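According to TrEMBL, the feature transmembrane segment maps to 26-50, 70-86, 136-154, 197-220, 241-264, 276-294, 306-324, 330-348.
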Amino acid sequence: SQYSAVDTNPLSVYIMQPLWNKIIKIVPLWIAPNLLTFSGFVMILVNYFLISFYDWDYTASGTSPGLVPTWVWLFSAFTTFCAYALDSIDGKHARRTQSSSPLGELFDHGLDSWATSIFVLSFFSVCSRDNGKTGVSVYTMYIYLSIVLFNFMCSHWEKYNTGVLFLPWGYDISQVVLIAAYLLTSAVGVEVWQKPFLFGYYITDALVILLIGFSLFLSFPQTLYNIHRAHLKKTLKNDSLYEGLLPLVSPLLLFVLLTVWVVLSPGNILAKQPRLFLWMVGVAFSNVICKVIICQMSSTRPELFHWFLFPLALVVYAAISGLLGWTEEVVLAVFTALVTAAHVHYGVCVGRQLSEHLNIYIFSLKKRVQE
């Protein structure tokens, strides 16, 4: 299917696009677009692991500011900008080198579905977790991450039904806010997040309110409106309501299972291992949403229950029933490692299959030789 995306965000149209059009001219024509996409993702990962090294449990900015060196925040701003730039020019570069393909589209959106959570998890280190005075509680982090992922899911669910990807306004705004937040932190220190800045509210409060406002009052209504408009124009991909709502079943069940674990965990797993738990949430979500993206691109029906829901349900049951006891954290760690490995394996397999099927290499513009 022909890829179509619509971007109406003024920030993107008037400020960022002209910038990307200048940057793209520097990229050599022999570089494969997927290489740009992948480099951006690797930068996000490197940055995430670097921050995790200095701040494993999200307390470095709150209880003892200065544990994370200033250069790390500068590096975060730099990698976030690079990833944002690379994610914005990969499609332009594909058109420029006449190498646009379904593989590239899937590669781009698939990595985005994972990067979305990593951006959020890196940002939490800036505002730190609640220490009684300042910071954000781990439950707020979980809700915050869920809302961001819900937004991402909405735009792809909308494309599944309308065939058009309406690029959410929140994307460009969030990237610019992230970069600004890192620069601000490197300039004045993490203390800026610990002091009230308006009417006793903290900057983090403002950001949470903005995010929720953006999602619930801008993105989500826009999604429903776009689907409704397609319905009126009779351009909907799926006739029945059941088919239209099908892709939402697994992500919503995933959210329900994870939330049950968070709320009913006897060992309070989210408070004990926020970084592991939230990472697992991001990976699980990415895998579920990748299936939806593939179904939407290949015009196939997604299965009702994603396979991942079954092992997760078992682990959640074992945890909340007290079966796991003190091993709950160990089981979470092992489970997280397995889920991450399964997701990477899945990505590699899908990439290989598509590259063979379309007769192209993933990271090179050379054509495959027909056997």
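Just so it is clear, glycine is given a Cβ too, placed from its N, Cα and C backbone atoms.
Highest Cβ pair count under 8 Å relative to the transmembrane segment (70-86), across stretches 26-50, 197-220, 306-324, 330-348: 26-50.
When Cβ-Cβ distances below 8 Å are used as the criterion, the transmembrane segment (276-294) is approached by residues 106, 109-110, 113-114, 116-118, 120-121, 124, 141-142, 145-146, 149, 152-153, 156-157, 160, 247, 250-251, 254, 258, 262, 269-270, 300, 302-303, 306, 308, 312, 329, 332-333, 335-336, 339-340, 342-343, 346-347, 350 of the same chain, each at least six residues removed from its ends. Where the transmembrane segment (306-324) meets the stretches 26-50, 197-220, 241-264, 330-348, the count of C-beta pairs under 8 angstroms peaks at 241-264.
Distant neighbours of the transmembrane segment (136-154): 58, 112-113, 116-117, 120-121, 124, 127-130, 168, 170, 174, 204, 208, 211-212, 214-215, 219-220, 223, 248, 251, 255, 262, 270-271, 274, 277-278, 281-282, 285, 289, 292; these residues of the same chain sit at least 6 beyond its ends, with a Cβ under 8 Å from one of its Cβ atoms.
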